[in-house]
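Swiss-Prot annotations:
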type	residues	note
BINDING	257-264, 607-614	ATP binding site
COMPBIAS	110-122	compositional bias 'Polar residues'
COMPBIAS	123-132	compositional bias 'Low complexity'
COMPBIAS	141-172	compositional bias 'Low complexity'
COMPBIAS	180-203	compositional bias 'Low complexity'
COMPBIAS	834-843	compositional bias 'Basic and acidic residues'
COMPBIAS	844-855	compositional bias 'Low complexity'
REGION	70-203	region 'Disordered'
REGION	351-370	region 'Disordered'
REGION	834-855	region 'Disordered'
Amino acid sequence: MVNKKYTSGQNENEKLMDRIEKLDLSESNILNNDFITNELRKVYPEYNRKPLKGFKQLVEKAMNQIIKNLSSCESSENEDGDNKMEESDGDDVEIISPPLPPPSSNILNEQLTSQYKQNIKNTPPTTTTTTPAKRNRDENIPSNVNSNNNNNNNNNAINSNTTTNNVNTPNSKPKKKLKNSSNGNNVFQFSNNNNNNGNNKDNNLSNGLIPTINFSNLGGVESCLRDIREHIEYPICHPEIYSHLGVEPPRGILLHGPSGCGKTLLAKAIAGELKVPLFAISATEITSGVSGESEARVRTLFSNAIAQAPCIIFIDEIDAIAPKRESASKDMERRIVSQLLTCMDSLNYLSSNNSTNEPNEQTEQQQQQQQDIIEVDSQATTTTTASNNNNKQQKNDFKKGHVIVIGATNRPESLDTALRIGGRFDKEICLGIPDQTARCKILKVITSKMRLENNFDYEEIATLTPGYVGADINLLVKEAATNSVNRIFTSNLNGASSSSSSSSSSTTNINNIGLSTELLISKEPLEPEKLNSLYIEMIDFKKALKKVVPAAKREGFATIPNVTWDDVGALSGVREELTNSILRPIRYPKKYKNMGIDSPAGVLMYGPPGCGKTLLAKAIASECQANFISVKGPELLNKYVGESERAVRQVFQRAAASSPCVIFFDEFDALAPKRGGGDGGGNQATERVVNQLLTEMDGLEKRSEVFIIAATNRPDIIDAAMCRPGRLDKMVYVPLPSPEERCEILKTLTHKIPIHQDVDLIKVGTDLRCHSFSGADLSLLVKEAANHAISRGFDNNSTEPDTVTMEDFIFALSKIKPSVSRKDELMYDKLNNDINKSRDKKPNNSNNIPITNNIPITNNNNNMIIN
């Protein structure tokens with residue numbers, strides 16, 4: 001093709017057409033505007049500076065012009081050929097065929113020409129017929145695509161002997177736009193199979209599939225099955241009951257919970273259990289860059305679902321397309337929300353029409369069919385069969401139009417409020433973080449087809465996995481299986497290498513690597529006897545626990561399975577108080593409910609720094625095997641208005657979704673100082689946070705099975721409303737340890753350290769230099785003694801294992817000083833006495849309490865007067 005030089009005044013469209021013809025499209029199977037646009041932007045960088053939408057329109061215009069030019073050229077060539085044949089000699093001796101056209105130098109021209117012929121051939125005639133044609137159910141399939149092509153043969157190929165006379169007919173004019181309903185662009189498709197590449201969105205919108213899983217593939221969802229049965233199973237299986245009672249059946253269910261808790265799996269299991277089609281799409285499959293197409297996809301989804309009713313529509317991550325309209329950043333988001341609301345409301349309207357109008361029309365048709373059956377066969381059995389079929393048809397027609405919509409999100413607070421009212425998403429089901437019993441059931445379901453050892457303990461694994469959701473447990477099982485395979489190969493390597501005993505350790509390692517390659521590549525399959533002896537053992541799961549980090553831990557949950565009461569020395573009084581307030585209500589909830597105690601307790605621990613307040617909170621959460629959320633006071637504060645309050649709400653919502661749960665607020669004085677500019681120096685931002693905390697702790701909504709532990713070393717600046725009953729009921733003072741308690745703490749800290757026999761921990765704990773030592777100071781003392789023992793070993797060039805001697809402790813005592821001064825210690829003791837006096841304060845003379853009348857006396861201004 002001759003290269004053209006364009007001047008500044010030449011038509012831009014011709015330049016673009018010339019560049020399209022120069023493109024190398026030999027390796028492409030599908031040509032459309034998007035593909036050609038991307039190729040042009042790759043080859044010619046100046047097109048990247050143009051707006052994408054406007055440039056696509058230019059490409060579309062150029063493609064249409066190319067098709068028009070090709071068709072006109074082909075028509076003129078055919079006319080010239082016919083004229084030459086007529087003017088040729090009438091000699092019958094030899095028939096000379098017209099010369100074949102030279103092969104085209106551009107593949108695009110050939111493909112566009114063949115596609116143009118195919119479209120003209122398949123164009124329906126303009127003459128109308130009296131018999132109405134049955135409308136194709138799937139209008140999205142182009143006319144030139146064979147929808148029944150199930151093999152790899154090209155059934156859509158064009159016959160090379162087809163004449164071009166149809167090109168010149170008036171009814172065969174090329175169309176301006178060859179639209180495909182998937183994206184609204186010109187599509188030129190040349191493929192050898194029926195794979196509709198790029199149209200997976202439309203397939204999900206138009207095809208409902210019945211899943212193969214059911215409730216037997218789930219575990220730990222027994223608490224949700226009752227709501228599912230009431231709001232999904234009953235309306236789909238027996239809608240006639242609701243119509244007979246004159247009530248509208250439920251239409252929508254909103255599943256919310258943390259990521260990986262099983263929302264999508266539950267929706268598929270519901271459809272599989274009921275044997276109804278499921279339209280499962282992601283919210284991003286609905287969105288489109290073309291204005292109005294996103295709303296059209298929502299309408300298409302609901303219309304196709306109504307055509308296949310009864311069925312279920314499942315929209316995953318619905319918060320992506322239905323955010324709050326007042327805070328939406330784009331008009332498209334508002335339009336999608338409005339369209340979704342309209343479609344959900346139309347389900348009730350269609351249901352009422354189907355229950356009144358459609359059965360009557362169907363009844364007339366069924367009566368006519370019944371008469372035809374009686375005319376053909378007058379036997380009574382045929383009449384009875386026809387009437388039974390009519391009753392079944394009426395029942396099926398009655399079910400027509402009932403569609404359940406299930407939405408899934410992990411951010412329900414971001415949904416538009418109009419979606420969460422009656423008639424739309426009637427019921428909200430929370431799938432929180434499973435407890436120990438639910439984790440055990442999930443583990444049994446996931447490992448049902450795995451070969452586990454005979455004495456496998458499900459309860460122990462469930463105990464060691466607090467905060468794990470279904471996806472985390474599934475990942476844990478896969479990691480355990482990987483560890484099992486590695487253990488099997490390692491045992492084979494050790495068995496094989498033990499036979500060869502004439503090599504050094506380094507040589508043995510090299511041989512093991514070579515043997516591993518031999519086992520993986522050239523080794524024959526293991527015998528059935530050996531395979532039967534292979535199992536996944538408990539040790540494989542315990543190794544996997546060290547590698548798998550639950551997703552909830554990244555969202556603020558903290559799983560502390562390693563801290564127990566054994567790691568906490570002394571503090572027996574504080575431990576007893578925490579056991580009565582938190583541990584027992586979590587372990588034995590029924591006993592407390594039978595006594596009428598349903599509100600969980602809150603505990604405020606205060607005292608000097610380093611006395612073990614945070615360690616106690618971790619230990620109590622680990623002992624009761626509850627979910628644990630650790631919140632540092634300042635991390636919830638945000639400079640933007642409303643963000644701090646939202647963070648507080650999110651913490652309590654997350655805890656309620658994963659109950660029983662313990663929320664631990666460290667440095668609580670930074671989060672809840674006194675309001676009104678008191679000693680804490682509160683301001684408007686912190687006052688709003690305090691108000692939000694007060695509401696969440698003891699507001700209109702009960703915090704069921706959500707326990708609160710707060711720790712601070714400045715209880716005097718905390719807002720007084722926080723410490724009233726119903727919020728932080730108990731105030732526990734954690735003092736500096738006594739000499740006896742210091743000895744117990746030292747024993748706890750040194751149980752993993754090699755200590756010489758001459759070390760007397762009681763003497764160290766009662767030493768006067770340890771006076772006013774906190775737990776953190778004692779931990780630093782032990783660490784300093786161990787470091788001195790290591791340094792002494794290096795100085796003496798000793799090869800024996802180092803042990804901590806009494807000299808090391810004496811050296812550490814000479815260097816470590818108490819972190820809490822004597823003045824601070826007295827201040828904390830005085831503060832504790834003041835708090836106890838304020839709570840134990842009673843009237844001096846209880847017998848002289850003035851008694852007032854039952855009816856209050858008011859003055860003329862309606863002010864109460866107390867005598």
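Heads up, the Cβ atoms here are built off N, Cα and C, so glycines get one too.
Shown here: features listed in Swiss-Prot, placed on the structure.
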residue : record           : DSSP class
Gly257  : ATP binding site : coil
Lys263  : ATP binding site : helix
Gly607  : ATP binding site : coil
Lys613  : ATP binding site : helix
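Gly257 (ATP binding site) counts 22 other C-beta atoms within 10 Å of its own C-beta, drawing on all protein chains shown. Non-local contacts of Lys613 (ATP binding site) by the CB criterion (under 8 A, 6+ apart in sequence, same chain) comprise Met605, Tyr606, Gly607, Ala711, Val734. Listed in sequence order, the residues of the same chain lying 6 or more apart from Lys263 (ATP binding site) and placing their CB within less than 8 Å of its CB are Leu255, His256, Gly257, Asp316, Ala408, Leu431. Around Cys611 (ATP binding site), the same-chain residues six or more apart in sequence whose CB sits under 8 Å from its CB are Val734, Pro735, Leu736, Pro737, Ser774, Gly775, Ala776, listed in sequence order. Around Cys261 (ATP binding site), the C-beta neighbours below 8 angstroms that are at least 6 residues distant in the chain are Leu431, Gly432, Ile433, Pro434, Val469, Gly470, Ala471. Using a 10 Å Cβ-Cβ cutoff, Gly607 (ATP binding site) registers 23 neighbours.
Around Ser259 (ATP binding site), taking its Cβ as the centre, 12 other Cβ atoms fall within 10 Å, counting all chains.
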